[in-house]
């Protein structure tokens, strides 16, 4: 593993070029260019605000800021997973002609989407201030939360990009799962509204705890919200729940390790299959 990491480091120049290439391709034929990274979440925020505050009464205070935090972190997740899943297949000519650590391709995709996320924060902070929410010292937790999210996304991308090489239906299944995940993840509703327990088919299930355990993105988005927004009962930035942060961090590292092992196990066959 240590030698594999050293090899990736030796090819860091290629990684940087691939990240820049992804960013250039993304905005090549766009009239607005990089501005679209700022306008897209703003437009989504406006739609959700109109739907949930005008058409349907929503008691969540500072709702535009509340929902924008969820949108940005979820957009990063979906963009990384969907484009990362195709990262090996879409670079077939490169894989069959040149040797380099194959891990660089999915890593480059995740990093380029992370750059877009960081650019979108330029929109988030003014929205928070306009909503009367201060930027406090708790915002310093953002890099930690982002690192946890990156590890989690990389692990999944390693797994799904490997599956996509052998089973081209993977991306279509993921498309449905991402839509389901949008509603099952607290993006436009607070995590605390999920009941602690719920009777399902005669069994009492700890629904709230299961959501946190089975959907790390729920804890990740909630952590972003706590350090930038607070809770709906007390909308003021606060420190994250360290127990859930630690649990989510460990989960992300386990997913990353497992995903990398799967990727390395089958990467030798990529040239034949793509």
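Our numbering is plain: 1 for the first residue shown, then up by one each step along the chain.
Cβ atoms are placed via backbone N, Cα and C, with glycine included.
Here is what TrEMBL records for this protein:
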DOMAIN    32-266  domain 'ABC transmembrane type-2'
TRANSMEM  31-55  transmembrane segment
TRANSMEM  61-83  transmembrane segment
TRANSMEM  104-128  transmembrane segment
TRANSMEM  140-160  transmembrane segment
TRANSMEM  172-191  transmembrane segment
TRANSMEM  244-263  transmembrane segment
Interface check, the transmembrane segment (140-160) with the transmembrane segment (31-55), three or more C-beta pairs under 8 A: no
Listed stretch, out of 31-55, 61-83, 244-263, that has the most CB pairs under 8 angstroms to the transmembrane segment (172-191): 61-83
Outside the transmembrane segment (61-83), six or more residues from its ends: residues with CB under 8 Å to it: 22, 40-42, 44-46, 48-49, 52-53, 109-110, 113-114, 116-117, 120-121, 123-124, 127-128, 131-133, 149, 153, 156-157, 160, 171, 174-175, 178, 182, 185-188, 190, 217, 220-221, 224-225, 228-229, 232, 235
